[in-house]
Amino acid sequence: MGENILVDSHVWVEDPEIAWTHGVVLNIKGDEAEVKTNDGKELVAKLSKLYPKDDEAPSEGVEDMTRLSYLHEPAVLDNLATRYGLNEIYTYTGNILIAVNPFQGLPHLYDAEVMEKYKEASFKELGPHVFAIGGIAYREMINEDRNKCILVSGESGSGKTETTKMLMRYLAYFGGHTAGEGRTVENQVLESNPVLEAFGNAKTVKNNNSSCYELDGVNDAEEYLATRRAMDVVGISETEQDAIFRIVAAILHLGNIEFCKGEDADSSSLKDEQSMFHLQMTCDPNSLEDALCKRMMVTPEEVIKRSLDPLGAAVSRDGLAKTIYSRLFDWLVNKINISIGQDSHSRRLIGVLDIYGFESFKTNSFEQFCINYTNEKLQQHFNQHVFKMEQGEYEKEEIDWSYVEFVDNKDVVDLIEKKPGGIIALLDEACMLPKSNPETFSEKLYQTFKNHKRFIKPKLTRSDFTLVHYAGEVQYQSDQFLDKNKDYVVAEHQDLLNASKCSFVSGLFPPLPKASSKSKFSSIGARFKLQLQQLMETLNLTEPHYIRCVKPNNLLQPTVFDNANVLHQLRSGGVLEAIRVKCAGYPTNRTFIEFLKRFIILAPEILKGEYEADDACKWILDKKGLTGFQIGKSKVFLRAGQMAELDSNRTKVLGEAAKMIQGQVRTRLTRERYVLLRRASVNIQANWRANLARKISRYMKREEAAIKIQKNLRRQIAIKDYGNTKSSAVTLQNGLRTMVARHEFHYKLKSKAATVIQSYWRGYSAITDYKKLKRASLVYQSKLRGRIARKQLGQSNQADKKKETEHEREVELSNRAEEAVDKSFVKHSDESDDEEMGHERETTHSIQEDDGTEKSFVMHSEHSDDGEIRHERETKHTTIQADDGIEKSFVMHSEHSSDEEKGHERHTEHTIQADDGIENPFVLDSENLYNNFSDVSHITNPFRDTEIESLTAEVEMLKALLQVEKQRADISERKCDEALELGERRRKRLEETEKRVYQLQDSLNRLLYSMSDQFSQLKSILRSTSMSSTMAASAPVVRDDLADSSENSEASSTDSDFTFPAPSSSSPDNPNQLQVIVQDLSTTEAKGQW
């Protein structure tokens, strides 16, 4: 096989655990190959040890293994395992049926419907089955007038008995007839098996077949009753049954009798009372004891009666027990054959032989030797039959087969049975010699067969020997061969049993002829050989059919297939031997159609011409250089290995074709993939562009809609007239609260949203304007105070020059004037400071009131929001509250800065005002101060000559005043710089605030876009109501939160808006109160402040 193995070939390789495993050849180096098995292992094996694997074998296996492309050991094993996994327990090997024990019930395989189906079908028309073997045997017996036999073999536990039962049941069903006493042949055949099994099967080391032993889960009472019923069916009377069971009981008692040394030398007696009890349970205790313990010696002169020692008495006891049971079993078999209706004068018969299989144990004694001898004889018969079938196939196809060698095991059969010189003959000879023992017997074997290829002498042993059987080597222990081979016909035993009072027992032992009355040696081996020869003569007169039973595992579990165990049984059962016989000739044959279908690719030119099928097959074989094949009438016969060689060539051709096909297919697939990718990319681009265009279109539509909304909203703001009435302004400012409170407007949600948005914007605009105005006023005041300070400094310098020329007489008047000036200065400074602080507090209070009003408006707006816009309004409100917090912190910072400025001005006795529209008292007081100085100078002139000391004091005082004015100027400049710096900081805060305003405006635009429909409805409603309102009143009105807005709500317009301007000081009662007025914003929009 190795020469046809190539790289990448699928092969079978030996595995120590599972016998065989399949793999792929990775590399070949010389006569070794590297194989990767199916379980991922990599190993190196000899090419000669590899077998090709058929990758095209059916996944469910083949029904007849002769149809396998490769008929070798691993292929057969794999096919059986595959079918067993599918619960297909039957498989053909030619005409041989292999039955694998399922260890579970499969009733659907054996019901009446299946039997009827196989009864009408020809052989192999249906799947493999034991019914098919029974049917072909019966039909050939009837049609061809030939005797048939069916041999069912296998090791213990393989299912031989069950297979035999099914076969006998089918044969009885196939041709059954009614027997006497109303019992059918079918029932008698079926019930005979339990009887023979109960009395004939024994417990073995591999299986428990005997119902006589105590088993777990077996009810002995039920088994006993079942046996009695079966004995009734096969025609054994009740009296005979009682006698049979009495004999069985006596044999059991006989086996329990033990012996000890007697009073005389070399004598024996019963060991104890228990042995006496068992003896008393037999038929004649005294005669039986005398027969067991003594022996009659016949001499020419006289008959001598001598005693036996305990060992001789035990041998005599065992011989008697075996003799009785053997006669009983022979009677049962004869009785059953007569009862079933077997006619000894019948012309034709079908024999069913259930025989033990080949055995090889750890300890093999005389029993295994006899069993394996039987299997060797049957295997010889089996090989002859297989060769005969092959010969018939060759003759049918008219091919030359004369040179085909026959595989025979005649040498090992002759080694066992040849006379003289065979093992059995040497054993009988050793048994007759008085001083023979196992060592002398084994030494005789060693000397006789030392050059025989089937005989092996084991090392380190003196009594063992090994025989090479067809199924393998078996080592036998000859320790008990001599004892088990001896079978004396004891006259005392014969006379005792013949004289029994029980007629059934005396019938089992009829009187012997006078020539046989004397005791003589009888060999078990010789008798076994004689019976086996008679069996083989019977088989040779019939045409055999074979059923090989296989036990899949030793655990007796279903669905478990032990490869090593099955392989051993295939070898010992002769299945592989039959394959070797077939391989010796033409192991592979195919019909012309099958051959051409498989190998036509090796010669494709045949398809171009017109050839006969046989010529085309020969063309292919000649083209590949094969020889030794045969072309039959309808089949091609190939020698061993030729199928593998053809498959190897076929694999090469297919490989090259596959490469070419793969190249073309890959090219086509690559191009198709490229076309698909290109088409897909174009579609993706088109879809993406379309999607982008739709997005742009939606954006443009949304932008256009936003512009329209803004335009309409601005138009509403520009057109809206806040001068109609006081109630119209209140209605627009508190629209949402009024609609929620009174539920009078059906457009509540939409107008409420507009009011909230407007309130946020107007509040922010008012606060921003106020802060800008306040910052501008502070900057202006700072600059103005600086100019006034510089002007006062210049006037002070002029006054100093005048004062230098005045006379001393003015001193006294100057002192009085100074006192007056001081009092006036202190008074006016205090008043200016108090007035400035009060004004700033009022301003701050007004701002805080504005903030409170705004917060109140926002909070009310929050509470008036409905469920549809709650989430969006809360988001906007959070943002506006954050902006309000920043604005409030900005105002508080301004107040803190003003307080610092006021504190510093009090220190320098100057007042800096922060409110616009209020005159600066410091400026007025400074001007009055200088005017007073002028007056003093004018008054004190008459005293200039007389009061020099007073003038000197006045000069000092003026210098001090000048110094004070310089300090004031410095302070003013510093304050101016601080004001500028503060203004810069506030400008930056304003920019940040404006950024937030822009963000708020963007959020407002998005909110307006989402509420476009609501504003449209609100606009239409308000426009309809504005048509009926009076347009004459345009003067600003003061907001009154306590007024009822419901009276003039219909007069409000959505085309107008309101803002919170800077606080006005025109009110005489509360000049710092922040008022809310209605203002037309059309000019504001025109200036771009929206």
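Just so it is clear, glycine is given a Cβ too, placed from its N, Cα and C backbone atoms.
According to TrEMBL, the feature ATP binding site maps to Gly154, Glu155, Ser156, Gly157, Ser158, Gly159, Lys160, Thr161. Of all Cβ atoms in the protein chains displayed, 24 besides its own lie within 10 Å of the Cβ of Ser158 (ATP binding site).
TrEMBL lists 799-830 (among others) with the feature compositional bias 'Basic and acidic residues'.
Under the heading compositional bias 'Basic and acidic residues', TrEMBL lists 838-848 (among others).
The compositional bias 'Low complexity' annotation in TrEMBL covers 1045-1072.
The annotation compositional bias 'Polar residues' is assigned in TrEMBL to 1073-1090.
The domain 'Myosin N-terminal SH3-like' feature in TrEMBL is assigned to 6-55.
If you look up TrEMBL, you'll see 60-651 marked as domain 'Myosin motor'.
Residues annotated as region 'Actin-binding' in TrEMBL: 532-554. Long-range neighbours of the region 'Actin-binding' (532-554) within the same chain, counting only residues 6 or more positions beyond its ends whose Cβ lies under 8 Å from a Cβ of the stretch, are 80, 84, 95-101, 103, 130, 133, 136-137, 140, 146-155, 157-160, 163, 167, 206, 349, 351, 353, 357, 373-374, 377, 381-382, 385, 560-562, 565-566, 569-570, 573-575.
Residues annotated as region 'Disordered' in TrEMBL: 791-855 (among others).
According to TrEMBL, the region 'Disordered' annotation covers 1040-1090 (among others).
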**OP:** Note down the number of other Cβ atoms within 10 Å of the Cβ of Lys160 (ATP binding site), including every protein chain shown.
**Re:** 26
**OP:** Return the residue, from the listed binding-site residues Gly154, Gly157, Gly159, with the maximum count of other C-beta atoms within 10 angstroms of its C-beta.
**Re:** Gly154
**OP:** Please work out the helix, strand and coil residue numbers for the domain 'Myosin N-terminal SH3-like' (6-55) from the DSSP assignment.
**Re:** 3 helix, 30 strand, 17 coil
Original post:
Looking only at Cβ atoms, how many others are within 10 Å of the one on Ser156 (ATP binding site)?
Top reply: 19
Subject >> Neighbour tally for Glu155 (ATP binding site), based on other Cβ positions within 10 Å of its Cβ >> reply: 22
Original post:
Within 10 Å of the Cβ of Thr161 (ATP binding site), how many other Cβ atoms are there?
Top reply: 21
